[in-house]
Amino acid sequence: MVLSEPYWDHHIPLPKLGPLHSRLVTAFVALICFINSYNGDFVFDDSEAIINNKVAGIVGRADLLCALFFQLSFLVYCKAFQGGDKKFPVLWIFSSILLCAVAMLCKEQGITVLVSENMLSLFLPKDLWTDFYFLFSTQIGGLVSSGLLMRLALLFLGGSFLLYARWRIMGTGPPSFTEVDNPASFAENVILRIVNYNYYYSLNAWLLLCPWWLCFDWSMGCVPLIKSATDWRIVWPLLLWCCLMGLVYQALCSQDSNKRRTLTFGLVLLVIPFLPASNLFFRVGFVIAERVLYLSSAGYCLILAYTVGYCSCHWKKHKVCAATLTLLCVNVARSAQRSQHWRSEQSLFTSALSVCPLNAKVHYNVGKNLADRGNQSAAVKYYREAVRLHPKYVHAMNNLGNILKERNELEEAEELLSSAVHIQPDFAAAWMNLGIVQNSLKKFDKAEQSYWNAIRFRKKYPDCYYNLGRLYADLNRSIDALNAWRNATMLKPDHSLAWNNMVILLDNTGNLAQAELIGKEALKILPKDHTIMFSLANVLGKQEKYKESEGFFLNALKINPNVASCHGNLAVLYHRWGKLDLAKRHYELSLRLDPNAPGTKENYNMLKRKLEQRQRTVG
């Protein structure tokens, strides 16, 4: 019997996904609702949460839940204003903080609802910008009696507690990221870092305005850094800040109080939820993530709706409505198109090639998807491009090395995997795969060392123990092989290959009684494993325990009736047992399934001669 093949570890991380494809459609629905009901007062609309439950990508459910509880927290907090400013129910404040906690557990951005509520307390009830000094110098008592200071204090304490709880959950420290995740945050020059951060902000703003270039991942060279003042892209941050300053000026200095309140609150909803993703307080693990604009799109909807409402008052309304409907139709079509991209991994990954052709992760994921569908030749092309774009992309090296090994291009596979472990010495999967390649190249000492390196970096690594056992079996170190496979089954009790190889090795070395014990122990854990039944049946047959062996053969065939070797070995059992008619039947079944089964044809011819002899004797 032949030992099972090596187990390969592809070590493929899931890509980080986050659809934005319905953002602008939602904005225009909110816009139309605003136009239809516009009467000069602020209108809060829940259409954002309702529509986005229909987003094709289910990966956005965390953002959906966060937005839902964000809005609920905000609406509950608004209840504190009912009945005027003189009194407010503390219960509503605590309910709002509780809903904020739920939003934060969905996504970290949820905590920003408390900041938005503080802005609501300050800017919407009172016209503080025009009378800031008077309010805080002569009306402190009025602030206390109105409950403003109490609300701010409760929100501050609640927010502080939630931040502390989140800090504890994260292990009292921020997560670690690499340079490929967020290149700008690793720039040594502070000025360049600030410039690139602002360029990222402008790209996010553009995605809100025109979500045409969408990609599931924006890391690994997708957005090259601005490294000089002559780079023309520096215009975009300047343009962004000019627009923001214009909005802020209108929010602070406009003579129209409704305009001030609407724009102020729109800016609050636009900017505040984006702050956790801005790199201002801590380093984030992405360049651009479309999902972080989900909450900010509420402020964008409000500002856009107010702008169109303003234009409809000063321009011809039919032209404004025509332009709005045209943009709505365009973005509905774009949303439908993007939803089609999200229907499958293949379409999603390939759609990113035109948006981020310099992104190594995009090529990596396209290659992985092709490899999963069996198109390894095409996968090699994309894996090579991923390595070319990012020469230290160890996961692409690992997967490319695996495919090259299967194509018997062992030298190049060894070179790639060696580079991967040199770049990332604690990459346990690459160490194990390197050991498999070195074993195939008959570099047994190096292979053994690679396996032990993998185990050193990943203590509980049953597949590596399994492959180490195969190496020892090839070197006729039976005891070491059995110990390695036993370690694999201790770490992973349902490791079928390790159990089966122990039975086979003990069978091949003549330890039939021990092989029987191991096989029966394995079947207690894996009672439906036909390969172990087959191996155990062979062991019992050699011990002339024909009845018991027959039972395991038949059970194995019930589970998988189309295994030629199982029919062939059962025929041998019947042949030895003297049940020649049953032996003939299973020899024929085996040859029907596999006409070239080794030894079966010879045994069948031997049986036919024996049957002919018996017929002549009877005659």
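Yeah, the Cβs are placed from backbone N, Cα and C, and that goes for glycine too.
Whatever TrEMBL says is automated annotation, not expert-curated.
Per TrEMBL, the features are as follows:
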DOMAIN    173-245  domain 'DUF1736'
REPEAT    360-393  repeat 'TPR'
REPEAT    394-427  repeat 'TPR'
REPEAT    428-461  repeat 'TPR'
REPEAT    462-495  repeat 'TPR'
REPEAT    564-597  repeat 'TPR'
TRANSMEM  58-78  transmembrane segment
TRANSMEM  90-112  transmembrane segment
TRANSMEM  132-165  transmembrane segment
TRANSMEM  197-214  transmembrane segment
TRANSMEM  234-252  transmembrane segment
TRANSMEM  264-286  transmembrane segment
TRANSMEM  292-311  transmembrane segment
(message) Taking only the residues in the domain 'DUF1736' (173-245), give me the average pLDDT of this model.
(response) 85
(request) Report, as numbers and ranges, every residue of the chain located at least six residues beyond the transmembrane segment (197-214) whose Cβ falls under 8 Å of a Cβ in that stretch; write 'none' if there are none. (result) 19-21, 23-24, 27, 184, 223, 226, 233-234, 236-237, 239-241, 243, 274, 278-280, 287-288, 290, 292-293, 296-297, 300, 331, 334, 338, 351, 355
(message) Given a Cβ distance threshold of under 8 angstroms, which distant residues of the chain, six or more beyond its ends, lie next to the transmembrane segment (90-112)?
(response) 62-63, 65-66, 68-70, 72-74, 76-77, 79-80, 150-151, 154-155, 158-159, 162-163, 165-166, 272-273, 275-277, 292, 295
(request) Over the span of the repeat 'TPR' (564-597), count residues by DSSP class, listing helix, strand and coil in order. (result) 28 helix, 0 strand, 6 coil
(request) Report, as numbers and ranges, every residue of the chain located at least six residues beyond the repeat 'TPR' (428-461) whose Cβ falls under 8 Å of a Cβ in that stretch; write 'none' if there are none. (result) 6, 8-11, 394, 397-398, 401-402, 405, 410-411, 413-414, 417-418, 420-421, 467-468, 470-471, 474-475, 491
(message) Summarise the domain 'DUF1736' (173-245) as counts of helix, strand and coil residues per DSSP.
(response) 38 helix, 0 strand, 35 coil
(request) Using DSSP, tally how many residues of the repeat 'TPR' (394-427) sit in helix, strand and coil. (result) 27 helix, 0 strand, 7 coil
